[in-house]
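As written in Swiss-Prot, here are the features:
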| type | residues | note |
| --- | --- | --- |
| BINDING | Ser279, 337-339, 354-362, 376-379 | UDP-alpha-D-glucose binding site |
Amino acid sequence: MEEKQERRRRIVLIPAPAQGHISPMMQLARALHLKGFSITVAQTKFNYLKPSKDLADFQFITIPESLPASDLKNLGPVWFLLKLNKECEFSFKECLGQLLLQKQLIPEEEIACVIYDEFMYFAEAAAKEFNLPKVIFSTENATAFACRSAMCKLYAKDGLAPLKEGCGREEELVPKLHPLRYKDLPTSAFAPVEASVEVFKSSCDKGTASAMIINTVRCLEISSLEWLQQELKIPIYPIGPLHMVSSAPPTSLLDENESCIDWLNKQKPSSVIYISLGSFTLLETKEVLEMASGLVSSNQHFLWVIRPGSILGSELTNEELLSMMEIPDRGYIVKWAPQKQVLAHSAVGAFWSHCGWNSTLESMGEGVPMICRPFTTDQKVNARYVECVWRVGVQVEGELKRGVVERAVKRLLVDEEGEEMKLRALSLKEKLKVSVLPGGSSHSSLDDLIKTL
């Protein structure tokens, strides 16, 4: 990464209050800071980031709002986003106005632009009022954005009927979105389709934005990126995988248990399946027990992340679960793990994931094949692409049974099919690595972005 340069100007960033959105936003912030820009992060009380020695060069400001702290949990992400955007539109204008007053006497502190998470679309109106350049940042991929846009158009023509009618129609392919089925569209598990579409209408509206940054790679999504360019008619900058472009301080909700690395050090190469279903996924007790039984039957080693409170209606501890499995030498269970370190470890041969975009990029960036068990929104799009387009994993659908778990694990860690996926995953890893090096597509895209700011 380049040395820090003389400060150019200041960029204001607005992350969405979710771990999967904060991490790439801070990676983007670090990349821009290393290119010479001063950074201001505008956030609500729902964000997890706090000023620290790792972020000493960043300015943090709080967008005042009066939503109860319980809203994020009680409303669910979709209804919460709708309410948060309405609440923050006026207060962010005041916030931005005060920031401009503070900086106007310092020429080098002039605000170059406002970069906002696509789901924090209230920022567009405020930046427009002060005639500041606006840039949308998508922490998800280009295909997911295309799906959200398509859903808005389909909804207007009652084209989402297969999602509502059931009777097997959800298995039908969506026109012009091959290989995606209606069931793969990024609907939310927390709200009806109508509410999701309401969010998508605003998040997919470029408004007066002058550009869009996406945490993706050209070699992964060339057709979706071309579609996006034609649809939005503004410059699109695919600069990912951002975790390979710049490091950022940890933004984990939970403390990472690094003892699992010591355990991995004792395992054979490519012998362990790493299981982590992200920071939101909730499981029924029955599903956890079926997974445990399937892992036992597979006769393979596993590192399993089970967050506190992620098993519905159960007080079963990780220690109790491992004891019930009666295979203490073959498994290790932690509350949270340093995922990048885990995926980079030579002992890890497969990743059972919810397929959040950050996790998917991190897995592909290390050449690790995936077992996909998506839960909500873009995870379903990502899982379908992992299996059918990039062909570096398999998707587990339907009811979770021990036999299904056992077969999926063996497919990746034991069968010849898994070896073929591993080779494709390693090839993809090299392509991603090249993309962020000088001359690579993402490196060049970042340079092009910098020239416009």
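Every residue, even glycine, has its Cβ placed from backbone N, Cα and C.
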Give the three-state DSSP assignment (helix, strand or coil) for Ser359 (UDP-alpha-D-glucose binding site).
helix
With Cβ-Cβ distance below 8 Å and at least 6 positions apart along the chain, what are the contacts of Asp378 (UDP-alpha-D-glucose binding site)? List them in sequence order.
Glu140, Asn141, Ala144, Cys147, Pro186, Gly356, Trp357
Hey, which of the binding-site residues Ser279, Gln339, Ser359 is the loneliest by Cβ count within 10 Å?
Ser279
Other CB atoms within 10 A, centred on Gly356 (UDP-alpha-D-glucose binding site):
27
I'd like the number of other C-beta atoms within 10 A of the C-beta of Glu362 (UDP-alpha-D-glucose binding site), please.
22
Under DSSP, is Ser279 (UDP-alpha-D-glucose binding site) part of a helix or a strand, or is it coil?
coil
